Amino acid sequence: MMKNRVTNIHFVGIGGVGMSGIAEVLHNLGFKVSGSDQARNAATEHLGSLGIQVYPGHTAEHVNGADVVVTSTAVKKENPEVVAALEQQIPVIPRALMLAELMRFRDGIAIAGTHGKTTTTSLTASILGAAGLDPTFVIGGKLNAAGTNARLGKGEYIVAEADESDASFLHLTPIMSVVTNIDEDHMDTYGHSVEKLHQAFIDFIHRMPFYGKAFLCIDSEHVRAILPKVSKPYATYGLDDTADIYATDIENVGAQMKFTVHVQMKGHEQGSFEVVLNMPGRHNVLNALAAIGVALEVGASVEAIQKGLLGFEGVGRRFQKYGDIKLPNGGTALLVDDYGHHPVEMAATLAAARGAYPEKRLVLAFQPHRYTRTRDLFEDFTKVLNTVDALVLTEVYAAGEEPIAAADSRALARAIRVLGKLEPIYCENVADLPEMLLNVLQDGDIVLNMGAGSINRVPAALLELSKQI
């Protein structure tokens, strides 16, 4: 067992959302955990409060005494800590391999898919918690009810996100898996081949043992395409009545979704029951159906499912409501923050906002993430951004990429302006965005702050500015 051979575990890039969660679980299991990161953030502060040594920056000395070094995808081979570890013959492994090791100690439930992983993982953990199963979880966002993105439970299950962006989900060996959808994103990883993307998801499903079970969303065209090649046991879910688990009578009730769940899954009692999900959006109905499927498979009751969905307190940066902010011209606007950065998930979130607040003006502040994604999905971005009532665009968050002139925010603004419906406002520096938004907003507006980059700092700055009014 790992515990007999490994004592000290060092994380390079420990502040990353996937890394910090695994570090916390290992710390709670009794391992001596340390880590380093270029930037301080809420995750590094939280880990420090637990007694974990977090070093600012990267130097070779940080790996001294480590039995294994864990790296995130963002960490380069030239990193001085990685170089020093290899020179000292200390194993250097990717984050997903350490997650796979955690799964060896418990029954793993791995949630994969291009969109909806974090919410589905969180909903699954919430229902299993309501069922008294006390799961361990590692999530790509902060579960609001727990105040953290990871927790060591006493139960037999571990619920974790499975990351397809670098194909690292192929390291995992869960007993149950979910595929929420498949979309053409991170295509550099798959040589820009849809066939290779499909094969990766098939291989992920086949990582389960013969007694495992996958839950696959048939509302996704790409998921439907791989079904004939899946040879492990699976059940389908979706909004179509041919699915093994499906939803009808879907209704927006304010910022909640009410719907009827129908179960016609082999080996389970057939029937239907009503649920209320404490978050808006039809896409979240699908995420809830996946969590319901997993919950039924592990023996959770209908009552536990209803309790887990109604009591769900949400996830950080997934339609996260900050409440009303005061405006300089009088009145207030509701501030909502979201991680969405792909046109498909953005469209779903904007539809959720329209459904929850149908009479309100919707103002979007958006920071595109990566020049290559903006280039590859330029038309899709233009279409979805043109659906709001007012738009403020800040410059692309490069994530280490070189700028691409025809795929920056100025180009997006020009393309949207040509369509004739909106006059986008361009904000070159994201630091200027809070003040700019206060001048754009009107009483009663919904302002949606969206993106996966440095725009995540805007809500706190906007709230601070608003307090001074």
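Numbering starts at 1 and runs along the chain as it is shown here.
Using N, Cα and C of the backbone, Cβ positions are placed for all residues, glycine too.
Pulled from Swiss-Prot:
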{"type": "BINDING", "residues": "G113, T114, H115, G116, K117, T118, T119", "note": "ATP binding site"}
| note | Apart from the site residues G113, T114, H115, G116, K117, T118, T119, the 8 Å Cβ neighbourhood of the ATP centroid comprises I111, T120, T180, N181, N287, E345
| request: Enter the number of other CB atoms within 10 angstroms of the CB of G113 (ATP binding site). | output: 25
| message | When DSSP is mapped onto helix/strand/coil, what comes out for H115 (ATP binding site)? | response | coil
